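Pulled from TrEMBL:
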- 1-22: region 'Disordered' (REGION)
- 43-60: transmembrane segment (TRANSMEM)
- 67-83: transmembrane segment (TRANSMEM)
- 119-139: transmembrane segment (TRANSMEM)
- 159-192: transmembrane segment (TRANSMEM)
- 212-236: transmembrane segment (TRANSMEM)
- 256-280: transmembrane segment (TRANSMEM)
- 301-327: transmembrane segment (TRANSMEM)
- 339-360: transmembrane segment (TRANSMEM)
- 380-398: transmembrane segment (TRANSMEM)
- 418-438: transmembrane segment (TRANSMEM)
- 459-478: transmembrane segment (TRANSMEM)
- 508-527: transmembrane segment (TRANSMEM)
Amino acid sequence: MNGDHTPNPISDDPKTPLLPVNNPIQRSPSSHSFTTSLLTPNSFYILLGPLSCTLICLLVKLDAPVTSVYMLAILAWMFSWWFTEAVPMPVTSMAPLFLFPLFGIASADSVARSFMDDVIALVLGSFILALAVEHYNIHRRLALNITMLFCGDPLNPPLLLLGICATTAFVSMWMHNVAAAVIMMPVATGILHRLPMGPTQSDVAGKFSKAVVLGVIYSAAIGGMSTLTGTGVNLILVGMWKSYFPEANPISFNTWFFFGFPLALVIFFALWAILCLLYCSKGSGQVLSAYLDKAHLKSELQMLGPMAFAEKMILAVFGTLIVLWMTRSITDDIPGWGALFNGLAGDGTVSVMMATLLFIIPNKKQRGEKLMDWNKCKKLPWNIVLLLGAGFAIADGVKSSGLAEVLSKALDFLEEVPYLAIAPLVCLISATITEFTSNNSTTTLVVPLLIQIAKTMHVHPLLLMIPGAIGAQFSFLLPTGTPSNIVGFTTGHIEIKDMIKIGVPLKIVGIAALSLLMPTLGAYVFGTDGEV
């Protein structure tokens, strides 16, 4: 061995030292002084949080317990960091763990409980299953089979577009919409690679490429609306409902599905119609048929080989989990299997239970190897888990600190406003805010406020909470609105003007559909005609 040995990259070996032992870091001289390195916009954004917190504590006086002022100050601190991303969002999400005890809002133990409950258990279990699906390429096999089904012979571009979008929406129903977009975009662009690129690309091929990429990113968002596991926004909403109204009936997986799926279906077909109208011209099938055919898709599918035992077992586990989710609580007359356990088991219970099976069932590839091991779970989205915990902690803090009563009194003027006027406005406000910050942050910000508005208007809280939360998922205009949009934008097939061209009418359809379905179908599914 010689003295020029370079340290190995980070290894999974537990014996590998975390820091280099013999090679001290060589610091190159820098022309920037320490003071100059601090004078950056990010440093200002970091200071903005504690500074706004301090100013509110010193200057704001409320006719309520002092903890309500402290809670308002903490909210200003956290939301300023979330909006500016002065520090990573997961780090900001952990702020309640130290801010709440220090300001006397809640004890350390009670805050910590917000970061692990049944909703978060549901997230962890479903994400582990989604990672298993991704690891064994089940999503790709599914996408190719469905696309072949919709391809048509001769080629029918609107039908093929429907197949790609429907597959993306279906995948997004069972895993996070960002993960669905990341998984499906290579499948979609793999189909588009058959088309001529660059200067030789025809106008028909260019438009169809735009339609496919836009269809994937928007279908991922729309599919995520239909189930609790499809996006963190739905889980934040359900967690806040449980936190604010612990005595009310919880929103179960199947309850949400009976409302979310019809809503998503309406918006999905509106998306497909808009894409076909703007990007699939009448004679496009003849032009594209020279490049896209079933033979290409069949060859891609043959490369995957026959379905292995591991893939079949993961599909069986996933299918069983979906059945358990849908049948835990059915109706008052047919209580579901949850009644066997006196209502103690939740959706998170079966989610973690079925995920645990993946670490027990062998994959029949190598002796002793299971379907999943913990190394495959390193991509678990802990940022979403922490953000969910922060949302639940904030909901508890707003209520326990007395800030909820302050907000309720300040919104008395809304008592006479009709619901049909306020619901579209709530949805529009959420849909606008979400273009400039994350969907989850928008939901965490607006839902506690909407609960107080609902109390002031004497309407069922879900009549405003659901439009506010789902509206936060209508981030259709800008690439930065959600990571799914960025996934599509980086392909190079679309521009911002394309997103605006499709996003504006899609957002209008979404707001209209939600405003009409919530007081009709939503009233029946969620029982909003009764008292909370």
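Each Cβ is built from the backbone N, Cα and C atoms, and glycine gets one as well.
By the count of Cβ pairs under 8 Å, the stretch nearest in packing to the transmembrane segment (508-527) among 43-60, 119-139, 256-280 is 256-280. Tallying C-beta pairs under 8 angstroms between the transmembrane segment (380-398) and each of 67-83, 119-139, 256-280, 339-360 places 119-139 first. The transmembrane segment (67-83) shares more Cβ pairs under 8 Å with 43-60 than with any other stretch in the list 43-60, 119-139, 256-280, 339-360. Here the transmembrane segment (339-360) does not lie next to the transmembrane segment (43-60) in space: the count of CB pairs under 8 Å, restricted to residues six or more apart, is fewer than 3. Here the transmembrane segment (119-139) has Cβ contacts under 8 Å with residues 171, 174-176, 179, 183-184, 187, 228-229, 232, 235, 238-239, 242, 304, 308, 310-311, 314-315, 317-318, 321, 346-355, 358, 371-372, 376-377, 379-381, 384-385, 388-389, 392 of the same chain, all six or more residues outside its ends.
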